[in-house]
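According to Swiss-Prot, the N-linked glycosylation site annotation covers Asn15, Asn76, Asn163, Asn327, Asn598, Asn696, Asn756, Asn1180, Asn1205. Sequence annotations record features per position, and here Swiss-Prot assigns domain 'Sema' to 35-508. Among the features that Swiss-Prot reports, domain 'IPT/TIG 3' is placed at 1041-1139. The domain 'IPT/TIG 4' annotation in Swiss-Prot covers 1143-1228. The coiled coil annotation in Swiss-Prot covers 1261-1310 and rests on sequence analysis.
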Amino acid sequence: MEQRRFYLRAMQADNLSVVLLSVAWLLLARGTTGMPQYSTFHSENRDWTFNHLTVHRRTGAVYVGAINRVYKLTGNLTIQVAHKTGPEEDNKACYPPLIVQPCSEVLTLTNNVNKLLIIDYSENRLLACGSLYQGVCKLLRLDDLFILVEPSHKKEHYLSSVNKTGTMYGVIVRSEGEDGKLFIGTAVDGKQDYFPTLSSRKLPRDPESSAMLDYELHSDFVSSLIKIPSDTLALVSHFDIFYIYGFASGGFVYFLTVQPETPDGMAINSAGDLFYTSRIVRLCKDDPKFHSYVSLPFGCTRAGVEYRLLQAAYLAKPGEALAQAFNISSDEDVLFAIFSKGQKQYHHPPDDSALCAFPIRAINLQIKERLQSCYHGEGNLELNWLLGKDVQCTKAPVPIDDNFCGLDINQPLGGSTPVEGLTLYTTSRDRLTSVASYVYNGYSVVFVGTKSGKLKKIRADGPPHGGVQYEMVSVFKDGSPILRDMAFSINQLYLYVMSERQVTRVPVESCEQYTTCGECLSSGDPHCGWCALHNMCSRRDKCQRAWEANRFAASISQCMSLEVHPNSISVSDHSRLLSLVVNDAPNLSEGIACAFGNLTEVEGQVSGSQVICISPGPKDVPVIPLDQDWFGLELQLRSKETGKIFVSTEFKFYNCSAHQLCLSCVNSAFRCHWCKYRNLCTHDPTTCSFQEGRINVSEDCPQLVPTEEILIPVGEVKPITLKARNLPQPQSGQRGYECVLSIQGAVHRVPALRFNSSSVQCQNSSYQYDGMDISNLAVDFAVVWNGNFIIDNPQDLKVHLYKCAAQRESCGLCLKADHKFECGWCSGERRCTLHQHCPSTSSPWLDWSSHNVKCSNPQITEILTVSGPPEGGTRVTIHGVNLGLDFSEIAHHVQVAGVPCTPIPGEYIIAEQIVCEMGHAVIGTTSGPVRLCIGECKPEFMTKSHQQYTFVNPSVLSLSPIRGPESGGTMVTITGHYLGAGSSVAVYLGNQTCEFYGRSMNEIVCVSPPSSNGLGPVPVSVSVDRARVDSSLQFEYIDDPRVQRIEPEWSITSGHTPLTITGFNLDVIQEPRVRVKFNGKESVNVCTVVNTTTLTCLAPSLTSDYRPGLDTVERPDEFGFLFNNVQSLLIYNDTKFIYYPNPTFELLSPTGILDQKPGSPIILKGKNLCPPASGGAKLNYTVMIGETPCTVTVSETQLLCEPPNLTGQHKVMVHVGGMVFSPGSVSVISDSLLTLPAIISIAAGGSLLLIIVIIVLIAYKRKSRENDLTLKRLQMQMDNLESRVALECKEAFAELQTDINELTSDLDRSGIPYLDYRTYAMRVLFPGIEDHPVLRELEVQGNGQQHVEKALKLFAQLINNKVFLLTFIRTLELQRSFSMRDRGNVASLIMTGLQGRLEYATDVLKQLLSDLIDKNLENKNHPKLLLRRTESVAEKMLTNWFAFLLHKFLKECAGEPLFMLYCAIKQQMEKGPIDAITGEARYSLSEDKLIRQQIEYKTLILNCVNPDNENSPEIPVKVLNCDTITQVKEKILDAVYKNVPYSQRPRAVDMDLEWRQGRIARVVLQDEDITTKIEGDWKRLNTLMHYQVSDRSVVALVPKQTSSYNIPASASISRTSISRYDSSFRYTGSPDSLRSRVPMITPDLESGVKVWHLVKNHDHGDQKEGDRGSKMVSEIYLTRLLATKGTLQKFVDDLFETLFSTVHRGSALPLAIKYMFDFLDEQADRHSIHDTDVRHTWKSNCLPLRFWVNVIKNPQFVFDIHKGSITDACLSVVAQTFMDSCSTSEHRLGKDSPSNKLLYAKDIPSYKNWVERYYADIAKLPAISDQDMNAYLAEQSRLHATEFNMLSALNEIYSYVSKYSEELIGALEQDEQARRQRLAYKVEHLINAMSIES
C-alpha cells in the first residue's frame, strides 16, 4: 500500500510539474567579445531555487536538485522530467516526522530544500535527500525519476532537518557485486541527539531492502557514526560542522569541512566571535568502526595573506606542468579548492579569495606523519570538539604504512599543523565561489565561478606563474553568484554552471572570438590554436588537415608573416612585379590570389613559400588624399583551397609630388628626389633638368640658417640681412629673390638681393602694424625666388616688429622694457620712444644707461587690504604708477595709517606693485592713508593714497554645524564681526588646523580635519594675522556615518534612478554624494538627507560615454559614497550593485507620426523596459503626450499609454532615469460632427428606406412560401449526401479514434496540459496582457511605499463597504468617458481584489445583476437582451465569477472532452493537405477554410531520429508528401513531444530538418532554397514530393545552423519570403492571444514574386467577398464538410453532453451554476416574468454564451497548447453550433444560410432538447442555502487568496477613483447611507493620502 502511495505521488508530481514548468532559451552570457548564445534552464518558481547539480557520466543527462523539485534535463538543458518533492505540511519540531506518526505541533506548508544529489551508477538510481520530515531521502529511477523507495520509518532515515543547502555531502562507495555504502556528513543545527554529523550507511542493491540507509555498524559500544558532543555545544552554542565537498580516492573517503574552533574552556555564545577552520577528514572505505578517522586543518597562503575559509573544491587529474611541479604522475589525483581570506565571518566571507591545489599524495603523507608521531606517543589527539579534553597519544609499536586504517587506540585523531596547498590564483574583488577542472592537451584547465556570476578560466601551470587567468565570461545576466556545483558534459565540450535560478551550459572554450593568430596564441587558452589557411582560431580537432606541416599553429612563434619586396611603390608606378615571402607557410601549391585591399585581386605565382604578384594597373591605383604623401592598404593572400585570406601585410603607394619644399621631399620615408631648378619632388631623378640640380640629402637643400633676432622698429627704414645655405643662382629666364612678410593678414613683398649661395638681403623698407595694445609682433616671412619657389626655413625664423610707446604709458613701464628694444622715456613729451625720436635739447631722454635714473611723480591707484587688526601682521598690497625701478628705492619708505609697513622683496613688481607687512599699531590709532617715497622723500618722489586703512578688532559669535564625523570634511561656518579683516586667517579645532575655504566680513568657512584625539568636543580658536580672537565655542567629533543597506541594488546605465540608503549618523554629511567607478572613469550623483538614518540618492550613470543599447548587465568596479572626508565608504563592499541596460524604444511608425483615434491606447515598443531585478522595485516611467501626462502600464517589451482626451498632433516624450526619449508624435483625429447637408441627406435616405422596407415585407410574404419548399428539397439533398458519405465517415472516424487513442494512451487527466489557476484566470480576466500589475508586489517610486500601502489599506476598507462599492460602480457607469474597455477592466480588477472575499463579491454581483434587470425592464428593452453583451461592469464580473468557480470543474470534468475535441480536430485536419499560404484544408468544418480543388497526395511514414538520444529507437511520424518542410517539422515535433506542453517544446523555426541517406549523406530540407520552382511570377514552396522523399525515410530535427547547404543565391527574395511564412508557425511566447494567428503568407509584393503551396490565390480571385457565403455549395465540397463533421461528431457530442449534464462521473454539478440559475429564477419571479423562453434565454446568456462559448473558441485559455488557424476556424463552427443549441428561436434555413448552420441543422434540435433538459434538471435540484454557498465561497477564497496581489489591484482600481473623484464624492454625498457612514469624507481622506506621494 505504501509503495502504491509513493507511486501515485511520483506520477502526479512528474506530470504536473512538467505541465507547470516554463523553459526558455535566453541570450545570457557575454564573453570577452560579443554575446554568445548559451543553453539555459530556468527555475519554474522564483522562490524554488536550485541547490545541486550532477551530470551522468555515461548518458550525459543533467540532474538538478532544487527547492521542491528534482529535474532531469537533456544535455542541452531541455526538461525531460520534473519530480515534485514539496512543499508539504511539516514542522521542524516534529520528531519522528508526521509521515510516521501524528504531530501535535502547528503544521505549515514547508519547502523541501535539496541537500544531497548523488548518482548510484551501479544500480541506475539517483539519491535525493531533502530537508522535509527531518531530512528523509528518496531513491529515484534515473530514467523517469520514479520513486523506487522513500525510507522514512526509522531514525536512521532522518539525516538532518537543517534547511540550508551546502551543508551536507555524501560519497557512495561500492565494491564489485556487493551492496554499496553511503558515507554522509551533515550539519545538525544543534540537534546532536537526533543526527550524527558523520556516518557510514548501507546502500543495498534492492531498493525495498529493510536495511536501506541503516548504519553500517551500530552497537552499544561502537558505531559507524560520529555525533557532536553536547558539551561542545554548551561551550560554543553555534558549533556545527559544514560539509563542503567529499570524494573517494584510493582506499579512503575524504570530506572537506568548515567548523568553528573550540577555545580551551572559554564559552562563546555569539556567532560573530567565532573563528572557523577548514579541515580535511579522512576515513578508510572499509572501516565501519571509524577507527581511521583523521582530521587535519588545511589552507594556503600568498604574500603573507592566509586563506583559511573553504568555499568549494573539486577532485581532478593534474596537467603535465602541474604534475611536474608536485613531483607526481599525471594519473594521480589533485584537489583544487577555493578559500576566502582569514577565519572570521564564514557565512559572509570576504571577497579576498584564492584558488589552491593539493596533491592527494601530499595530504596522505602528512596524515601518515601525524599518525606516526601519535603512535610514537608524541603530543595529544588534538580533537577537543569531539573528545572534550586533551587526550595524550598512546605509544604503540605499530608499523604505519600508506594504507593504515587505525586501531582502537589513538582515535579519533586531529591535528593543528595545516596541510598547506599551492596557491595558484588570488583575487581581492570578486569572491571565488566554485571550481571545476580537467586536463586538455596536457594542461590543467581550471574553471572558477565568482559571486557576480562570472566564470574565470585559469591555466594551472604551477610555479613560478601559478595559475594564469586567460579568459572571463559573464554567465548570469543578473549578476547572481555561481553556486558550488559545476560539472562537465560527457564530451567535455561544455561546463554546466548554476546560480540559484538558472542552469547554463557554457562552452569550455570560445576560440572563435580571437580573429588574429597573435590574439589567438597569446590568449593563453590551451584549447586554441591557429588554423592557418582557414584563418581562424579553433581547437586542433576542428581544423582540417591539422596534422600537416604549418597547417595548425600551436605557439605564437609559428604564426605566419608576410614580407613584400618592394614594400612601397609610387602611384605613378604601375603593374610592378612584387616578390612576397610567407614565413612559416603551409603547402600553398593549391593556389594563391593576391588582393590589394578592396581595389583589385590578381593571381599569384607560387614557388615554395615565395609568391610573385603584380601590383595594380593604372585604373586600380588608389587616390591619395591631398594632405598626405602616401596611402596604405592591406596586401592580402587568399588561399584558393579555403577561399579565406590567411596572411596580410601593409603595402604603401606614395606620391612624391605632394611635397612642396626640398627638406620635406628628401626627408620623406620614400625614395623621393628634389629638382632644385624645377622646384619639384619626384620619385624618378632622371626627370630633373640639370644633373647638378638633383638633391636627395637634406644638407644640399637651399635653406635659411639661424641668425641673431631680427628686430625692426615700426616706421624705421631698414634692410634685413639673412644667412643661408645652397641658395640657387636663378637660371636664364628665371626671376630673382624676394622677401615675403605677412603682417596682420596683409602680404608685403620686398625685393631681395642674393650676395652668394650663403647670404641674401631684403632691401630697405619700413613696416607698420595696427594697434597700441601690441608692443612686439612676431611676423612670418619667407624668401622666394622665381616668383613662388620657396627657400626652406627649417628654424621658422621670424621678423619682430615693435613699438616703444605701446603699453608703456608711464616712465616706470618704459624703463622696465627689455633692453634689446633700446626704448627710453622722453621727459618733455612724456612718452616712451627711441632716442632719435626725442628732441635732445628741450627734454632729457632717460634709459637704463642713464646715471642714477629715477621716475618722478609716483601715484597710488589702489590698496587691496583696507583693514586689519592693530596687532599687525597684515599684508597690504599697493598698486600704482612709477613705484620705483628697484626694490631698494622703496624698502624703507612705506607707512600705512602712520604705522611702518615693511615691503616684501618677493612680492615687489617694478614700478607697479608693493606688498608690505604691517607693524604693531600704537593704542588709539584708528585709520589713515598709505604714504611712500621713491628713493628720497622729495615732493616729486612722494605720494599718498586716497583710500584709508582702518584698524579693527575681530570677534567670534557662533559656530555651525556644531558636530561632524570623526574623519573630518565638515564645512564649518564661524560667524562674528570683522572676520574679513586682515590678509590671512587661521581656524583651529583643538590643536588641528581647520582648512580655510572662504570668508566674508562677518563669517569664515573652513573644512574640519580628521580628529587626532578620537570622539568628543574640541575648542575652536581663530586668529587674524597676528591677532588671536578669544572664543568659548566647541566643535564635537562624532562617529563616522555607516551604511547598512542600499535599496534597490540596481540601476540602469544612464543612472538617475532613486536609491534609498539606510544607516547611522547620515545627517552629519552636508553634501552627500554617491559614486561609481567603471573602466577607470568615475561618475557621481547627488543625495538628499532625510533623517539621521536615511538618505535618498539618484544613482550615478555608469560612465558618461557608456554606449547605449548594449544588452549586458555590468557590475561597477567600485561603488561607494563621498561623505565629507569619510574614506571608509569611498568603496562600499557590502553591496552587489549592478547596472542593467538602458531601455530603448522603437519609433511609433516609420514616419515618426502615428495616427490615433481618440481614447485608443498608444503602444510604445522597446527593449529592457523592465529590468529583471528582484525586490519589486521598478523603473518609473512618465509619458507626456504634448504637455499632458498619460497613465502608463509597462511590460518587458512594451509600454501601454492610456492617452488623455486630446486632438491634433502632439509629440510623445518618455522620461525614465534621467533620460528622455521621443519615439515620434501622435496625431489624434476626432470623429467630426455631421454637417447640415449630411443630416438632410440622411433624413431623405431614411424615408426612401422606409418605403423600400414596406415593399420588401410584401415580397417576403410571397417568398417565404417558396422558401419552405426549397428548404424541404435542400433537406432531402443533405440527407442523401449524408447517407452517401456515412461509410466514409465511419472509416475516417475509426482511423481518427485510433490516432486519438495513440495520442492519449499515456494521458490520464493529470497529463492534460492544464494551465495553472493564475495563468488561466489572467487569460480570462485580462486577455492579451501577460505581465499585469496584479501579479506582482506593489511598487512605489521613492520612499513613499509605506504611505501608499497605508492609504491603500484604507481604500480596502472602502472597497469592502458594500454601499461604497455599489455607488462607485454606478457612478463610473454614468460617465460618458467610461469606455467598454474600462468597464471590463474595472470588473476584472474588482474580482481580483476580492479574490480573498468571494462571499462578499457574490453579494455585490447579485445586487448589480438585480439592478441591471430592473434597468433593463424599466427601459422597456426586450427581456431576452439581458446579459447578451458586456455593456456593464456586472456582466463582466459575472463572466469572471464563473471563471473563478468553474476552474475545478474544468480540470476534473469539462476539460477532458474539450481537449479531446481539440486534439481530434487537429489530427483530422492534418490527415489531409493544408495550404501553408491560404490556411485552407481538405478536411474542414468551415467552408471559408476548405480547399476547392482536387489535390493528389500520399501518406508517408518518416522515421525520425530521437533528438534527445540518437541511439534510442527512431520515432515513426505520419506526414503527407504534399506537406511543406515547416509542416513536416511541426508534425514531427507533435510526435516527438506529444506529452510535452507547447510552451516547453522547441520551435519549428529554430530547427532544421535533415534527410539522412546512409550514414554520411545529410540533406537539409527547407521551404525555400536554390531548388525552389519559379514559374513566371509564382514561386512554389518546397514539399517532400519536391525533394522526392520516399516512405520510411530517416529524418532528424537538429538545431538550426547559421548557414545551410542550399540557401538560394537570390538571398534578398528568399529571405523575405521565408521570414514571412516562418512567422506564421512561430510560437510567440504566450500560447495564442485572443485573436487566433492565421497562417497566411503575404505574397512578396515588393519583389513581384508570389508564393504558393497547393492553391494559387488567384484561383478564387473572381469570387467576390460575399459570394462564398451565399452561393449553393457544390456537392463535392459539401461532401468533404459532411465527412469531417461526421468524423468529429462523437467528440462534439461528448463535449456538449458533458456541459449539458448535471452528473459527471460521480462529480456533482458545480454549486455556482445552480446558485446563479436559482437567482435568475428568483429575479424573474420578482418581476412576474413567467415566459419560459425569457428565463431560458437569461440562463443561456448567463453561462453557456458568456463563459462556455469563450472557452470552446479559446482552449488556450485552459490548456498549454498552440491553436492553429484551421483549428480555430473549426472551433468557431462548433462554438456557433453551441450557441444555436442554447437559442429558443426557431432556425429557419434556406439555400442562402451559412454552411455551418446547414451542417449541424439535423443535430441542433436534439442539442436543444439537451439544453432544456439540463435547465429543468438544475431547477429540480434542491436549493443551495446561503450558508452552504458562503462556506463554499470561503473555501474557494482560501485556496486562491494569494494568487493576486490585493494592494496592486487596489492601486489599479484607485486610478478610477482619482479620475472620477468629484463625481464619486458628489454621488456619496447624495446617498443617505453613504452620508451616515461619512464615506465622502473617507474618500477625500484617501485621495489626500495618495496625493502626498504622487
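Cβ atoms are placed via backbone N, Cα and C, with glycine included.
Features recorded in Swiss-Prot, as mapped to the structure shown.
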{"residue": "Asn76", "record": "N-linked glycosylation site", "DSSP (3 states)": "coil"}
{"residue": "Asn163", "record": "N-linked glycosylation site", "DSSP (3 states)": "coil"}
{"residue": "Asn327", "record": "N-linked glycosylation site", "DSSP (3 states)": "coil"}
{"residue": "Asn598", "record": "N-linked glycosylation site", "DSSP (3 states)": "coil"}
{"residue": "Asn696", "record": "N-linked glycosylation site", "DSSP (3 states)": "coil"}
{"residue": "Asn756", "record": "N-linked glycosylation site", "DSSP (3 states)": "strand"}
{"residue": "Asn1180", "record": "N-linked glycosylation site", "DSSP (3 states)": "coil"}
{"residue": "Asn1205", "record": "N-linked glycosylation site", "DSSP (3 states)": "coil"}
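When other Cβ atoms within 10 Å of the Cβ of Asn76 (N-linked glycosylation site) are tallied across all protein chains shown, the result is 18. Rounded to a whole number, the distance between the Cα atoms of Asn1205 (N-linked glycosylation site) and Asn1180 (N-linked glycosylation site) is 23 Å. For the pair Asn163 (N-linked glycosylation site) and Asn327 (N-linked glycosylation site), the C-alpha distance works out to 43 angstrom.
Between the alpha carbons (Cα) of Asn76 (N-linked glycosylation site) and Asn598 (N-linked glycosylation site) lies a span of roughly 42 Å. Nearest by CA distance to Asn327 (N-linked glycosylation site), out of the glycosylation sites Asn598, Asn696, Asn756, Asn1205, is Asn598. Long-range C-beta contacts of Asn1205 (N-linked glycosylation site), restricted to its own chain and to partners at least six residues apart, with a cutoff below 8 Å, comprise Pro1158, Gly1159, Ser1377.
Non-local neighbourhood of Asn756 (N-linked glycosylation site): Leu727, each in the same chain, at least six residues away, with C-beta under 8 Å from its C-beta. Fewest other C-beta atoms within 10 angstroms, among the glycosylation sites Asn327, Asn696, are seen around Asn327.
Confidence annotation: the coiled coil (1261-1310) carries a mean pLDDT of 58 in the model. Taking CA atoms as the reference points, Asn696 (N-linked glycosylation site) and Asn598 (N-linked glycosylation site) are 34 Å apart. A simple way to gauge crowding: the CB of Asn598 (N-linked glycosylation site) has 10 other CB atoms within 10 angstroms, across all the protein chains here. Across the domain 'IPT/TIG 4' (1143-1228), DSSP classifies residues as 0 helix, 47 strand, 39 coil.
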